[in-house]
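Presented below is the structure to which this report refers.
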Amino acid sequence: MLHQKLNPTSSEDLTIDVDLLYETDPCELKLDEMIEAEPEPEMIEGLPASDALTPADRYLELFEHVQSTKLFPDSKTFPDCAPKMDPLDILIRYRKVRRHRDFDLRRFVENHFWLPETLSSEYVSNPENSLKEHIDQLWPILTREPQDHIPWSSLLALPQSYIVPGGRFSETYYWDSYFTMLGLAESGREDLLKCMADNFAWMIENYGHIPNGNRTYYLSRSQPPVFALMVELFEEDGVRGARRYLDHLKMEYAFWMDGAESLALNQAYRHVVRMPDGSLLNRYWDDRDTPRDESWLEDVETAKHSGRPPNEVYRDLRAGAASGWDYSSRWLRDAGRLASIRTTQFIPIDLNAFLYKLESAIANISALKGERDTEALFRQKASDRRAAVNHYLWDDENGCYRDYDWRREEMALFSAASIVPLYVGMANHEQADRLANVVRSRLLTPGGIMATEYETGEQWDKPNGWAPLQWMAIQGFKLYGDDMLGDEIAHNWLKTVNHFYQEHHKLIEKYHISGGTPREGGGGEYPLQDGFGWTNGVVRRLIGLYGEP
């Protein structure tokens, strides 16, 4: 595999002058206002109330004290702690005692907060179990119940049971859940599928979108919009009829397209960019421009090394988290430096393919319900998006989709995200055939397909392979008649996961698949996680299609 390096660029190229939200952000949450008037909680009968305050907003200088001193090795630990009493009383106590000579921050936190539990860590796998048996027995371990919610915690209560990925992740995640659902369906767990369907619909109804995850600190962003794919899965498996979700799909679409009507050429607002020819495409975005609660110290340190206004860096870090690819060379100006992140300046191929699927789903379900005007409107929207993607994101010279840098008006890097248009049926057969050749030569390994061909130390780059990318590549190529490539990726991935399982008796978040024996994937802001929701889901589905490896 060719080893590629990316060259840094001068800071003169990186100015932002047309993004409506960089100078003034009407959606920015004001901390002083939030302290004076907390949002009304969303009530679920029989459960403690949730509210929208993040731990950073709620605990203010106490939060910064804990995070800046690295009291816990993982920055996510304190945001996930639950208070033992009214948070305002905790903050008042902290302000009274913090300057005392004998003040002990660790003891104070331990006396006033419940530390998060990692229930799945107590599970011991049976080495005699097959891979299929292991996954089926993990579903109850990864299931959380509504009554698990603790008052004033950052966890957002949900009305039904849900699946968490495992490891440090004790909440459900939006796009992870779709790939987890594939395995639940294969395992015959329609009960959990129904619960998760109800939960995601409930979040759209109450928050206007599906958050990154069910934590207050995730409310300001979403993740790749895969609810339309979930609805399709519910329909196919007889769990829930697609018609009941039409309004939810429209609400999600409104979230992603907010502000589109008022944009002039070459302007952006939140998730939407008006291209030079007047077409509309989308980018990842977060309504906040502060350090992430769950990675506070890491974000502060990254911003220090950027040479840019910290709020711009924080926004791009948050938008990178919204992409699900946190982090990757896809979002970096200089592939060796996370501080060069520019997520909001890229038009991602995967996001726009998922939105094409959303537009198509709204059109199709509207047709089923006899809503002809809505059907025609959204068929046109889908057609317009496909045309814009082909114009800006299809690299005809090299035969692949690429992200587009709308600031510089040039194509960005090639990655495994390019297979999403095939998965949602947006490509034509010539594009699919040409893309297959590129994937074979640049991403395919004996262990599966890599996220990218660039070695940066980030987790969504070479040498790592991820379950959702394998699934979309397998099904995408098979949809266009390339069964040989789809089957090869499937067998390679099953071999990778099974080899690791036979040695360690667990499934993990990502795998090192570039050369040699498959092993744990590296990179990222946190240690490798096991469990693992979407790996379990994809592998379980593949076992149903191909049998045990």
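Backbone N, Cα and C atoms are what each Cβ position is placed from, and that goes for glycine too.
These features come from Swiss-Prot:
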type     : residues                                                               : note
BINDING  : R168, W175, D176, N212, R221, S222, Q223, R292, D293, E294, G324, E525 : substrate binding site
ACT_SITE : D326                                                                   : active site, proton donor/acceptor
ACT_SITE : E509                                                                   : active site, proton donor/acceptor
Rounded Cα distance in angstrom between R221 (substrate binding site) and D326 (active site, proton donor/acceptor) is 14
Within its own chain, what residues at least 6 apart in sequence put their Cβ under 8 Å from the Cβ of G324 (substrate binding site), listed in sequence order?
W175, Q223, P224
Out of R168, R221, which has the highest number of nearby Cβ atoms, where nearby means within 10 Å of its Cβ, if these are the binding-site residues?
R221
Return the count of C-beta atoms lying within 10 angstroms of the C-beta of E509 (active site, proton donor/acceptor), excluding that atom itself.
26
Same chain only, sequence gap of 6 or more: which residues have a CB within under 8 Å of the CB of D293 (substrate binding site)?
T54, P55, A56, F63, P79, S154, Y217
R168 (substrate binding site) sits from D326 (active site, proton donor/acceptor) (Cα to Cα, rounded, in Å) at a distance of 16
Pick the one among the recorded positions D176, D326 whose Cβ has the fewest other Cβ atoms within 10 Å in this structure.
D326
Cα of E509 (active site, proton donor/acceptor) to Cα of D176 (substrate binding site): how many Å, rounded?
11
10 Å Cβ neighbour count around Q223 (substrate binding site)?
24
